[in-house]
Each structure stands twice: as structure tokens, then as C-alpha cells.
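A.B. asks: Reproduced below are the annotations present in Swiss-Prot:
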- Leu192, Gly193, Lys194, Gly195, Gly196, Phe197, Gly198, Glu199, Val200, Lys215: ATP binding site (BINDING)
- 561-590: compositional bias 'Low complexity' (COMPBIAS)
- 53-171: domain 'RGS' (DOMAIN)
- 186-448: domain 'Protein kinase' (DOMAIN)
- 449-514: domain 'AGC-kinase C-terminal' (DOMAIN)
- Ser484: phosphoserine (MOD_RES)
- Thr485: phosphothreonine (MOD_RES)
- Ser579: phosphoserine (MOD_RES)
- 1-185: region 'N-terminal' (REGION)
- 20-39: region 'Interaction with calmodulin' (REGION)
- 546-565: region 'Sufficient for membrane localization' (REGION)
- 554-590: region 'Disordered' (REGION)
Amino acid sequence: MELENIVANTVLLKAREGGGGKRKGKSKKWKEILKFPHINQCEDLRRTIDRDYCSLCDKQPVGRLLFRQFCETRPGLESYIQFLDSVAEYEVTPDEKLGEKGKEIMTKYLTPKSPVFITQVGRDLVSQTEEKLLQKPCKELFSACVQSVHDYLRGEPFHEYLDSMYFDRFLQWKWLERQPVTKNTFRQYRVLGKGGFGEVCACQVRATGKMYACKRLEKKRIKKRKGESMALNEKQILEKVNSRFVVNLAYAYETKDALCLVLTIMNGGDLKFHIYNMGNPGFEEERALFYAAEILCGLEDLHHENIVYRDLKPENILLDDYGHIRISDLGLAVKIPEGDLIRGRVGTVGYMAPEVLNNQRYGLSPDYWGLGCLIYEMIEGQSPFRGRKEKVKREEVDRRVLETEEVYSHKFSEEAKSICKMLLTKDAKQRLGCQEEGAAEVKRHPFFRNMNFKRLEAGMLDPPFVPDPRAVYCKDVLDIEQFSTVKGVNLDHTDDDFYSKFSTGSVPIPWQSEMIETECFKELNVFGPHGTLSPDLNRSHPPEPPKKGLLQRLFKRQHQNNSKSSPNSKTSFNHHINSNHVSSNSTGSS
């Protein structure tokens with residue numbers, strides 16, 4: 001039994017390391033899998049794609065790179081891209097160097113005598129920016145100038161881009177992105193844990209070698225528990241949120257027995273494991289502060305979409321290979337209608353906010369209470385209203401949440417104690433973060449005085465702890481309890497509508513990011529020599545016919561031999577070819 005676990009872990013670790021070869025986990029046929037269609041095959045896509053500048057040229061990673069490549073071939077536009085890059089660097093510059101970096105940008109791009117002067121930013125706006133720089137430089141100094149540049153680029157340059165070979169290449173990438181996703185898209189590895197409707201296992205995309213976690217939701221288990229709306233809600237929320245601090249959904253597909261969510265893999269274990277199983281319970285304040293800041297950024301991204309998470313607790317915060325965290329398991333998250341409040345007594349005992357326990361209407365406030373619980377537990381080594389391994393009834397824990405004050409030990413600095421008390425204020429209207437400014441108000445608390453959130457959000461700060469790359473931070477394979485077989489539930493065609501809403505294939509932004517991170521984009525995104533069209537982009541150059549398989553070539557040779565002696569062999573030959581074609585397709589999709 002121990003051998004089975006060792007083998008499963010060894011295979012997983014080898015996959016995480018890229019298989020040890022030059023392909024870094026990619027299939028031998030990865031270029032064939034990601035072969036561009038001929039541009040003539042993309043005409044339907046060209047007609048139907050939403051031609052929105054922000055989506056095509058900024059939000060979508062592959063689109064952003066291709067628009068940049070287009071601009072770099074136009075002498076008048078190259079400086080605009082360089083300006084945007086310089087501002088992005090400015091925004092993550094340490095505070096003490098902002099003035100120096102700001103002056104550099106002003107001189108290079110916003111001074112008329114400069115060879116790369118940005119002509120489309122108005123003189124009044126330049127003067128206002130210069131005045132703010134002299135008074136006190138801030139991260140948002142060039143925001144209005146950036147908006148002005150984008151306003152210009154979304155005009156004539158964008159329309160020229162839509163007629164260029166770079167947009168044609170984007171259509172080819174979109175065509176690949178929209179290809180069907182099945183279980184054969186992935187290699188499957190060991191079980192990592194279990195969710196409410198099925199197991200979670202590690203998997204790897206054959207074409208790119210990228211590792212993910214596959215959350216399997218068993219169809220019969222969903223139907224038996226009437227969990228369709230909950231499963232679809234989680235999928236749609238994951239699809240909507242693109243944050244480096246929340247697990248991302250990359251693919252959604254179905255098999256005969258399950259619906260599958262393919263998510264960011266987090267190999268470093270959860271916060272509960274690290275709080276209680278790595279030496280003395282709890283963290284040094286510096287480490288707790290770093291995780292709290294990243295959790296706060298994740299909440300901010302969710303709240304930006306008007307989504308309240310409602311289940312903050314250590315086991316739902318996962319670490320990646322580098323020690324950064326992400327919020328996971330969005331099963332209880334819900335989107336709040338604009339200008340409305342919701343009601344729902346959901347969450348985990350000891351972490352639910354007073355307004356949730358009292359079944360009152362609320363907005364985003366429960367998440368700031370949950371953040372307070374997490375900061376307290378990371379520092380103290382136990383949750384604020386329940387001792388470690390304390391056996392106590394749910395009603396008693398709820399009473400403590402509603403009526404008692406948390407106790408602070410010597411482990412808390414004054415700033416840490418202050419932020420916890422302000423986040424654990426029982427009246428939601430008085431709670432830190434629950435005013436109009438939301439997360440921005442929490443970021444200004446003295447606890448985060450030395451945290452550069454711009455650099456944190458850009459992934460430029462080193463975590464205080466890095467997980468061991470040779471360790472598998474999950475239970476042994478045989479210790480993960482298996483689900484029992486679901487009996488008395490039959491699947492039929494009435495379930496198909498739900499399955500079709502769920503199984504939508506690749507999610508654009510994560511899929512495109514995967515192509516870039518695994519260097520597939522760099523290797524495949526090749527044009528003709530000296531900026532000319534590659535054959536697959538040449539409309540007058542017909543696409544190559546598909547290569548015939550061995551059986552087809554043999555049948556053709558047989559037909560040629562038979563045709564010399566039999567005038568009626570044509571029908572027989574067509575029958576052979578059609579039979580072989582069906583057989584070949586069946587094999588390819590298995």
C-alpha cells in the first residue's frame with residue numbers, strides 16, 4: 001500500500017518537473033495538436049467576433065501581444081507602446097523612486113522636442129501631470145495620459161490592425177482556443193483530495209505540458225443532491241474572475257460520468273496545514289501580513305465583480321509552488337445584484353459573520369469579517385472563537401461570535417491587534433472595509449504600512465516561505481476517502497441542457513496565458529520572411545489537403561490495380577475509403 005503512494009507521488013513529481021525532457025511535458029505531437037487552421041477556415045469567426053478594442057487588444061493576452069507586434073511595425077505607433085510599458089514600470093516602482101522615474105517619463109514621452117514625443121496627449125493634460133509630479137508623485141500620476149493614449153489607439157490604429165495579418169493570426173489562435181475539450185486533452189495523475197461532488201486530481205495538458213487540478217463533479221451525485229444550480233454557479237463565477245489571487249478556471253468539459261473543472265494547481269498545500277503542521281501553531285507576523293495582503297487583493301478582485309465569497313477559512317487558502325496564495329473553492333460565492341443585498345445563512349462554523357448568523361441582509365461585509373478571522377488565526381495559532389481541537393457545540397460557537405470579544409495574546413503587535421478588532425467588529429456598518437472604499441480602506445490600515453500593493457499585485461514581491469518542490473502537500477492516496485457508488489439515479493436527455501451550459505471548453509484568458517507561459521506562442525507565432533504572409537495566412541494559397549493514412553494509401557493502390565481489370569471497382573473502392581474514414585475518426589477520438 002505504501003508502494004502505491006510512492007509510485008503515485010513519483011509520477012506526479014516527474015510531471016511537475018516537465019518530464020525531464022526538452023519538451024517540458026509536451027506531447028510528441030504538440031505542434032500537430034496546435035497547428036493553425038488556414039485563414040480561410042476562420043471566416044465565420046471573423047464575422048462573429050466582438051470587435052471591442054479593450055477585449056481584443058488589452059484583456060486577452062495573445063491579442064495584446066499581437067496588437068503590440070502590429071504597432072511595432074508602424075513607426076508612428078511604436079512610441080505609444082513604449083510609453084504604456086514605461087508607465088506600467090512606474091506603477092510598480094518603490095515609492096522613494098517615483099519622482100525620478102516620473103521625470104524620466106515626462107522628459108522622454110511628453111516633451112515636444114523628444115524624438116518619441118506622444119502627440120496625442122493634450123498639452124493641458126501634460127501640464128496637469130507635470131504639476132502633480134512636482135507636488136507629490138503617486139502611482140496614479142499618468143492614469144489620465146494612459147487613458148488618452150488608449151482613446152487614440154482604439155481609433156484609426158485599431159481599425160488598421162483589424163485589416164492586418166496580425167489580426168488574422170489572432171483569429172487562428174481563437175480558432176484553436178475554441179476546439180472541443182475532452183478527457184483526451186489531458187493526462188491524469190494522482191488524486192489530491194475530494195470535493196463535495198467528487199475527487200480532485202492532478203492533470204497535465206498534452207499540448208503544452210502545463211499542470212492543473214481537475215475537479216470532477218459526478219453527474220449522478222449532483223443529480224441526487226439537486227446540486228445543479230450550485231455547480232453551475234461556481235463554474236460561472238470562476239469563469240468571470242481573472243485574478244492572480246483566486247484559482248482560475250482554464251477548462252470546463254464533460255465525460256460520460258462527470259463534469260470537470262480544470263483549475264490552477266496549487267502544489268504548496270493549504271494554510272490550515274501550514275498553520276498547524278509546520279512547527280509551533282501560527283506564523284510570524286511578517287508572514288501572516290503577506291498572506292493577508294494577498295487574500296485582501298483576491299477579495300478586492302471578487303468584490304470588483306460584486307461577488308461575495310462567504311467561506312474564508314485556512315483550508316480554502318492554497319499555496320502555489322512559489323509560496324503565493326490563492327482563494328479556492330467558490331461553491332458558496334454568489335454574485336450580488338447591482339444595488340441590492342442578499343440573505344443566506346451559509347459558511348463554516350466559527351467563521352460566519354454575525355449578520356450571516358442572524359439571517360440579516362448583507363452585501364460584501366462577511367468577507368471582511370472572514371479576513372479578520374484569518375489574520376487572527378494565522379498569528380495566534382487558533383481561531384478567534386474556538387480553541388484548537390476544542391469540542392464544543394455549534395450553538396455555543398455561534399453564541400461566542402455574537403456575544404463575546406476575542407482575546408489577544410502577546411503574539412499580536414498593536415497594528416495586528418487593531419486591524420483584527422476593526423475587521424471583527426460585530427456591527428457590519430462599523431466594520432473596516434464595509435464603507436464605500438471597500439478594500440482600499442483596509443489597505444490604508446497601519447498594519448499594511450510597509451506593503452507595496454502595486455508590486456504585490458504585479459507578482460514582484462517574494463513570499464516569506466517557499467514550499468519544498470520535492471514534497472507532495474496532500475494526504476496519501478489511500479488515506480483520501482473514496483466516494484460510494486450512487487444508486488437509484490438515472491441520467492437522461494433532460495439533463496443535457498445543464499451539461500451544455502457547463503461544458504463550454506477553454507476559458508479565453510487562462511488558455512491564452514497558458515500558450516504564452518509554456519512558450520507555445522513564441523514557437524508557433526511565426527510569419528513569413530521580412531514581414532510577409534506565412535502560407536496559412538495567404539488567402540490565395542489553398543490549405544494543404546489532410547495527409548492520408550496508411551490504410552487509405554493501401555486501398556488506393558489496391559483500387560489502381562483492380563481498376564485495370566474491373567470497370568465496376570469504383571463503388572467498392574468508395575465503400576472501403578468511407579469505412580476506413582469512420583474507423584480512423586473513431587480511433588482518433590478515443
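Cβ atoms here come from the backbone N, Cα and C positions, even for glycine.
Values in this document were obtained by computation on a predicted structure and should not be read as measured data.
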A.B. asks: Taking only same-chain residues 6+ apart in sequence, whose CB is under 8 Å from that of Val200 (ATP binding site), what do you get?
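C.D. replies: Sequence-distant Cβ neighbours: Val191, Leu192, Gly193, Lys194, Ala213, Cys214, Lys215, Arg216.
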A.B. asks: With DSSP, how much of the domain 'RGS' (53-171) is helix, how much strand and how much coil, in residues?
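C.D. replies: The composition, in the requested order, is 89 helix, 0 strand, 30 coil.
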A.B. asks: Just checking, which of Leu192, Lys194, Gly198 (binding-site residues) has the fewest C-beta atoms within 10 Å of its C-beta?
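C.D. replies: Lys194, out of the binding-site residues Leu192, Lys194, Gly198, has the fewest neighbouring Cβ atoms within 10 Å.
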A.B. asks: Determine, from DSSP, whether Gly198 (ATP binding site) sits in helix, strand or coil.
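C.D. replies: The residue in question, Gly198 (ATP binding site), is coil (DSSP, three-state).
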A.B. asks: So, by DSSP, how many helix, strand and coil residues make up the region 'Interaction with calmodulin' (20-39)?
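C.D. replies: Taking each residue of the region 'Interaction with calmodulin' (20-39) in turn, the totals are 5 helix, 0 strand, 15 coil.
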